[in-house]
Protein chains: 4
Amino acid sequence: MSADATERLVALRRDLHRHPEPAWCEFYTTARIVEECRRIGVDELHVGRDAIDPDARMAVPDGDELAEWFERAREDGADPDILEQLEGGHTGAIAVLERGEGPTVALRVDIDALHITESEDGDHHPASEGFRSEHEGQMHACGHDGHAAIGVGVLEAVANSDFAGTFKVVFQPAEERVGGGKALAESGHLDDVDYLYAVHLGLDHPTGEVVAGIDGFLAVSHLLAEFEGEPAHAGAHPEQGRNAVQAMATAIQNLYAIPRHDGGATRVNAGRAGGGTATNIIPEDAFVEGEVRGETTELMRYMKEKADRVLRSAAEMHDCEVELSTEGEAPSAESDDELREVFGAEAADVAGVETVTERDDLGGSEDATFLMNRVQEQGGLACYVCVGTDHPGGHHTSTFDVDERSIGIGVESLTNAILRVGEEQP
Amino acid sequence: MSADATERLVALRRDLHRHPEPAWCEFYTTARIVEECRRIGVDELHVGRDAIDPDARMAVPDGDELAEWFERAREDGADPDILEQLEGGHTGAIAVLERGEGPTVALRVDIDALHITESEDGDHHPASEGFRSEHEGQMHACGHDGHAAIGVGVLEAVANSDFAGTFKVVFQPAEERVGGGKALAESGHLDDVDYLYAVHLGLDHPTGEVVAGIDGFLAVSHLLAEFEGEPAHAGAHPEQGRNAVQAMATAIQNLYAIPRHDGGATRVNAGRAGGGTATNIIPEDAFVEGEVRGETTELMRYMKEKADRVLRSAAEMHDCEVELSTEGEAPSAESDDELREVFGAEAADVAGVETVTERDDLGGSEDATFLMNRVQEQGGLACYVCVGTDHPGGHHTSTFDVDERSIGIGVESLTNAILRVGEEQP
Amino acid sequence: MSADATERLVALRRDLHRHPEPAWCEFYTTARIVEECRRIGVDELHVGRDAIDPDARMAVPDGDELAEWFERAREDGADPDILEQLEGGHTGAIAVLERGEGPTVALRVDIDALHITESEDGDHHPASEGFRSEHEGQMHACGHDGHAAIGVGVLEAVANSDFAGTFKVVFQPAEERVGGGKALAESGHLDDVDYLYAVHLGLDHPTGEVVAGIDGFLAVSHLLAEFEGEPAHAGAHPEQGRNAVQAMATAIQNLYAIPRHDGGATRVNAGRAGGGTATNIIPEDAFVEGEVRGETTELMRYMKEKADRVLRSAAEMHDCEVELSTEGEAPSAESDDELREVFGAEAADVAGVETVTERDDLGGSEDATFLMNRVQEQGGLACYVCVGTDHPGGHHTSTFDVDERSIGIGVESLTNAILRVGEEQP
Amino acid sequence: MSADATERLVALRRDLHRHPEPAWCEFYTTARIVEECRRIGVDELHVGRDAIDPDARMAVPDGDELAEWFERAREDGADPDILEQLEGGHTGAIAVLERGEGPTVALRVDIDALHITESEDGDHHPASEGFRSEHEGQMHACGHDGHAAIGVGVLEAVANSDFAGTFKVVFQPAEERVGGGKALAESGHLDDVDYLYAVHLGLDHPTGEVVAGIDGFLAVSHLLAEFEGEPAHAGAHPEQGRNAVQAMATAIQNLYAIPRHDGGATRVNAGRAGGGTATNIIPEDAFVEGEVRGETTELMRYMKEKADRVLRSAAEMHDCEVELSTEGEAPSAESDDELREVFGAEAADVAGVETVTERDDLGGSEDATFLMNRVQEQGGLACYVCVGTDHPGGHHTSTFDVDERSIGIGVESLTNAILRVGEEQP
């Protein structure tokens with residue numbers, strides 16, 4: 001990659017790093033990406049509502065939060081014309097290059113940030129170099145700023161190559177809440193894709209290592225249960241209450257006790273819970289916000305069905321109402337060997353790559369799996385790759401950072417792999 | 001009372017004490033009582049099916065147990081013709097004296113025994129005097145043998161008096177399981193009663209004391225919940241089970257947590273519970289046998305409704321079926337002042353009575369309350385009295401015994417009170 | 001009462017109403033009361049630290065909240081010299097009249113407000129008359145503004161009378177959190193009191209009615225349990241967590257299941273509970289804030305001991321630590337007949353009083369009971385009285401208001417009763 | 001195998017099938033095996049106490065049950081001299097052939113039966129052929145009668161061969177309760193073993209198939225928790241009880257909720273639970289009998305430690321005592337490739353073997369693993385093999401049966417494998 005291109009991507013990454021935005025609020029981020037795509041010159045550019053299926057979005061924040069971030073993007077100088085297309089939490093974009101006969105190849109990157117307050121420590125590179133988050137309490141602590149930069153970099157490299165066929169870069173919102181994958185999978189834009197790569201930086205692999213195929217995605221579903229009962233004075237009329245906190249407690253006890261499954265690993269967590277208003281009032285409302293996971297999508301569904309039953313029965317037991325909602329979801333998926341081999345082989349030849357690891361397990365969840373499943377169901381191939389990066393703090397911590405050398409490695413490895421699958425069609 | 005009459009009643013009490021029979025199995029007992037009534041000479045004698053409403057019986061044992069006790073009564077020498085009327089758990093009797101114009105007065109006594117093994121100790125009077133229980137594991141440990149004798153004694157005394165009106169002695173089965181009261185209350189025989197007395201010996205009051213009016217009956221309902229799920233191998237396929245023991249445990253936790261009530265005292269107890277077949281099998285069945293109580297009948301109903309909801313929801317939560325049944329029940333009741341005063345005044349003049357206590361709380365449950373409520377609902381008056389007796393061991397213990405002097409005191413006090421209400425009609 | 005005096009008390013009440021302050025933050029309120037006492041002229045005036053036992057305070061807010069309210073009082077124009085004596089949450093005052101030989105009589109009133117947002121409705125008198133709360137989110141919704149005015153009124157009336165003996169008015173902070181009673185009881189100022197009255201407005205009794213003696217105080221203890229475990233990624237390493245939300249849920253289930261008690265009514269409520277940080281993190285912290293009550297102080301202690309055991313064992317079960325604290329507490333108490341009779345007789349002669357009700361049950365909790373118990377333990381008499389007032393909304397609701405006519409009724413009734421006990425010494 | 005030998009083994013198997021005995025009660029069974037060993041002629045014969053470490057026995061029945069089965073064995077004609085060595089539940093035997101220089105090779109078979117009532121159906125071969133269980137309610141429903149016959153058959157075949165070295169056949173008691181493996185592992189008799197085979201019939205593999213190496217043993221621990229509280233009358237004095245059923249329910253709820261583990265599969269089951277005596281008594285005792293399992297021994301220990309914590313804390317919470325005991329236990333284990341390959345190769349050449357399956361997972365638990373671990377820890381090799389058999393009903397069902405042809409297949413396959421490891425020493 002030219003020094004020029006590298007410099008541009010680093011500058012873009014730092015710009016995005018200074019403006020981290022949470023799920024479905026990536027207004028500034030999307031606008032900046034769109035500007036880059038326009039600069040590069042693409043044949044089609046699907047923005048916001050045109051890039052996603054709005055009805056398939058999950059974990060969308062409420063209107064106030066959306067409006068606040070929208071306004072902030074405006075204040076931060078995002079292009080008002082682009083912003084207009086994103087209003088109401090319709091973020092994300094898909095850039096398309098139409099280069100004649102050939103397969104349709106796609107690259108998916110995610111772009112959202114986290115509710116974490118970034119370190120101000122002098123050792124923390126973004127702090128010392130002056131691109132620490134300007135949105136206090138928000139942070140790119142999982143490298144999606146780098147992912148976006150890689151997406152732009154690969155787009156430009158392929159645009160400038162003799163690639164024949166169709167190439168799409170999918171800039172996906174709301175991965176951190178597993179809320180965006182489905183909206184892209186159901187947008188239609190993936191339905192003609194023959195080969196899909198998705199990429200993540202880091203994952204505890206250092207700069208110089210790449211992992212050619214990631215598997216072991218736990219299918220996940222985020223659930224929210226809101227219990228509503230009836231308040232009453234706890235001293236004077238305890239029998240007049242319908243106790244939402246008792247329903248919540250019964251639910252929690254039984255959620256963790258959902259039977260283990262012979263088919264493989266399952267998980268359940270009541271990660272946040274609470275209720276009640278005052279010491280002397282029988283609690284009238286309560287909630288459980290949690291998640292279930294499974295080694296396969298079926299195992300996750302098993303857990304979800306059991307969890308729903310527990311939550312509903314716990315409400316019924318204490319004469320409360322309960323509203324259940326799915327706040328985010330992602331299936332399991334597997335990387336295809338053919339794409340894995342291509343990436344491994346091409347990455348091995350890229351300057352800076354010292355180790356090519358054949359495969360690894362994620363051991364967590366990711367909603368790129370929605371896109372992978374979609375492509376595979378339509379007869380295509382999909383592969384999730386990792387580009388190692390030295391990260392001082394762990395993912396999702398306040399001292400996480402990306403070694404910017406890995407951006408170039410990612411761009412070159414992916415570009416070469418994409419050009420080769422364009423030619424060879426594995 | 002004549003020495004003769006006294007001797008006869010003591011002999012009867014000892015005969016019954018040697019042949020204790022549990023709820024709805026009082027075959028020998030009923031037959032002996034019927035023989036006594038015939039000896040005395042009554043105008044009507046309702047036996048078994050004719051004395052009770054068979055469909056309103058609760059806590060009836062299964063056919064095998066009934067048949068076993070029926071056979072034992074035959075072996076013990078009960079009159080076969082009488083037995084025939086009692087078959088299938090239709091025990092109890094009502095003796096009626098029709099003595100012209102006047103009010104209808106009734107006395108209720110209960111006649112069943114308990115699943116307790118009687119003491120063989122030399123200090124235990126029935127053991128040393130040779131009338132210890134001949135039905136091993138069963139015992140008259142609550143004085144109902146004495147109650148039956150008092151019923152017979154009062155019947156004879158009233159028969160030999162110039163009482164004018166109608167007098168009924170109700171020999172009620174199955175009090176210990178609160179299973180017989182309803183069957184008598186709904187028999188129709190109480191519907192014309194103007195004045196009803198019920199009597200209990202002891203209750204921690206010594207010989208020489210009587211309590212003219214007992215209140216504080218806790219309404220009670222015995223409940224049985226039987227959970228049915230699906231077994232599965234706990235190692236190989238835990239997810240294939242539907243776990244009845246989990247349902248049971250969830251139910252127990254939440255039964256005790258039913259909200260307290262501002263209206264007065266409530267109680268709940270999962271007195272017996274269990275389930276499962278083997279260490280390595282997901283349990284397919286389980287049960288909870290328990291009770292709820294309330295200071296009033298309404299409070300008991302509140303507890304019962306909540307308990308049913310908990311039990312059903314716990315089953316639903318673990319995908320089990322549950323069958324709920326009421327195994328016995330008794331409402332609350334209050335003794336009427338008018339009858340209380342009459343009894344107190346008459347008892348005070350009886351030889352051997354040293355103390356007349358105006359009133360006391362039972363603090364437990366009794367299904368005489370069904371009969372009391374019935375009479376009071378029809379405009380009559382009812383009163384539950386206690387005749388003190390020195391009892392070495394507590395009620396429901398293996399060393400309980402009745403001081404036989406209290407039988408005569410009970411007969412005289414009650415007879416005098418009945419004669420007076422016949423005259424004065426309070 | 002003179003029109004002048006009445007006007008002054010109404011003005012004071014409205015001033016306090018405009019400046020509601022929560023428990024231990026009654027800086028403005030205390031300062032205003034002190035000013036009034038100085039105006040009246042008293043022989044001793046104990047303020048803040050001198051009025052209470054600082055170490056016996058319960059439910060004291062944290063330093064930030066105290067500092068914020070302190071600053072607000074300064075801004076609202078409270079006397080800086082008085083404020084200085086109150087710093088750090090040492091509010092409240094005791095005014096003393098030394099009038100020669102005679103008994104020591106005391107009146108206790110409470111002065112704190114509630115975390116309730118006051119109605120802005122035109123029907124709401126404080127809103128339409130311009131004395132609605134100026135501290136948004138805080139409100140005198142239980143009439144303690146009126147109580148303070150009554151305290152001042154009675155002080156002035158007794159000061160201007162020929163009362164012989166010692167008279168104290170106790171202006172108690174933090175009643176709403178049952179946090180101030182103990183600090184006053186243990187201050188020493190109650191130890192020489194022969195006769196103590198405490199007063200409350202309203203309690204669902206209309207203007208024109210007084211209740212001469214309130215009983216039925218439920219003893220109460222507010223408890224806070226803070227669980228601390230260990231976080232872990234719920235997908236990757238669920239076994240590494242120590243789950244504080246599971247501990248919380250187990251505790252809640254078992255708190256409500258503490259056995260009922262034969263000795264009388266008990267209560268338990270987990271009024272507020274919550275924990276956890278994110279869907280995918282095993283929750284590392286959680287809390288339960290609740291209360292236990294009992295018809296007697298012993299019953300409350302029984303519940304408290306059981307609750308502590310449940311909370312500690314639930315933490316232990318899930319390998320968490322738990323910190324337990326008592327956030328407020330009040331014993332039960334009974335009003336003495338002698339003082340009740342005096343008050344009833346005197347109130348009957350006051351203009352505006354139409355009905356004198358002999359006694360009523362509070363059915364809730366109050367920490368005046370600490371003071372009552374203290375006086376009674378030292379051989380004195382105590383009585384809690386109610387002065388009815390038409391209140392449109394219920395106590396602790398946003399439309400609660402005091403009919404200001406009842407302030408005068410309260411002042412006159414109490415003054416007359418105090419003068420009479422001073423003379424007659426019942 | 002000669003027709004003669006085959007006939008003898010089938011007769012032995014049927015004799016044992018007619019006399020099924022549960023864990024540690026294999027008196028008749030051991031006596032018959034000892035007789036066979038004597039007939040064959042062995043160099044050493046360790047019987048009962050000499051074969052096992054008595055202190056390492058688990059799940060030993062109580063003295064009455066042992067005495068009853070001992071007496072029954074005598075009545076069934078077992079040799080009294082042998083019986084004497086077995087008294088008190090010291091069953092099992094080890095036969096040793098000392099054949100000069102060479103490795104020490106061992107075969108382990110188990111010999112106990114199950115608490116299952118055998119089918120009387122005409123289709124059930126033992127019933128129609130007249131060797132149905134004569135111990136009603138007990139049954140060889142897992143083929144251990146066949147295992148014992150195979151052990152005797154291999155002993156005789158090796159005795160008659162030119163095997164050089166030491167050969168031991170271990171007849172292990174109490175496998176069904178995972179109670180005997182440890183007692184053998186700690187007997188010292190395994191410590192010099194170089195190569196150990198263990199064998200099981202069936203496991204859903206048909207006659208003609210053998211599985212050369214079984215893995216996937218779930219480590220297991222059987223636990224018994226006995227709670228003891230205090231009874232009280234549930235109506236009169238609920239607060240005086242210490243409720244063992246509440247402790248039990250709390251424990252069950254939380255046992256199933258032990259966190260899943262990232263290291264692999266875990267299991268937990270409260271397979272049997274119960275408590276209480278009567279509807280109206282606060283339950284004074286209760287129990288939970290259950291099990292925990294893990295894919296590895298470490299995972300089982302993790303579950304066990306958590307389960308113990310839950311059980312102890314649940315008791316503490318309800319002020320009960322709890323006694324915890326381990327009723328049986330088995331670690332996980334893995335079959336060594338070298339022995340697996342030898343067995344597979346030799347079995348392939350045995351008449352009647354059609355399919356050799358390389359490996360399979362047990363998916364359950366087995367305490368042969370204690371012996372396998374012991375041998376492997378001392379530097380030896382171990383392998384668990386399966387000899388398929390057509391079994392009409394599943395293992396542990398009343399219609400289970402062994403196709404007797406598989407006994408000969410087992411004897412020949414194992415003998416050949418043992419002779420070969422004796423020669424080749426893999």
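Placement of Cβ uses the backbone N, Cα and C atoms for every residue, glycine included.
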Site-mate of B:C142, B:H144, B:H200, B:H396 for Mn(2+) in TrEMBL, selected among B:E118, B:E120, B:E176, B:E226: B:E176
Integer mean pLDDT for the domain 'Peptidase M20 dimerisation' (B:226-314): 96
Binding-site residues (B:H144, B:H396), the one with most neighbouring Cβ atoms at 10 Å: B:H144
Tertiary neighbours of B:C142 (Mn(2+) binding site) (same chain, Cβ under 8 Å, six or more apart): B:A113, B:L114, B:E176, B:H395, B:H396, B:F400
Cβ-centroid neighbourhood (8 Å) of the Mn(2+) site, B:C142, B:H144, B:E176, B:H200, B:H396 excluded: B:D110, B:D112, B:L114, B:H140, B:A141, B:G143, B:E175, B:H395
Counts by DSSP class (helix H/G/I, strand E/B, coil) across the domain 'Peptidase M20 dimerisation' (B:226-314): 33 helix, 27 strand, 29 coil
DSSP three-state assignment (helix, strand or coil) for B:H144 (Mn(2+) binding site): helix
For B:H200 (Mn(2+) binding site): intrachain residues, at least 6 apart, with Cβ closer than 8 Å: B:G143, B:H147, B:I214, B:E366, B:Y384, B:V385, B:C386, B:V387
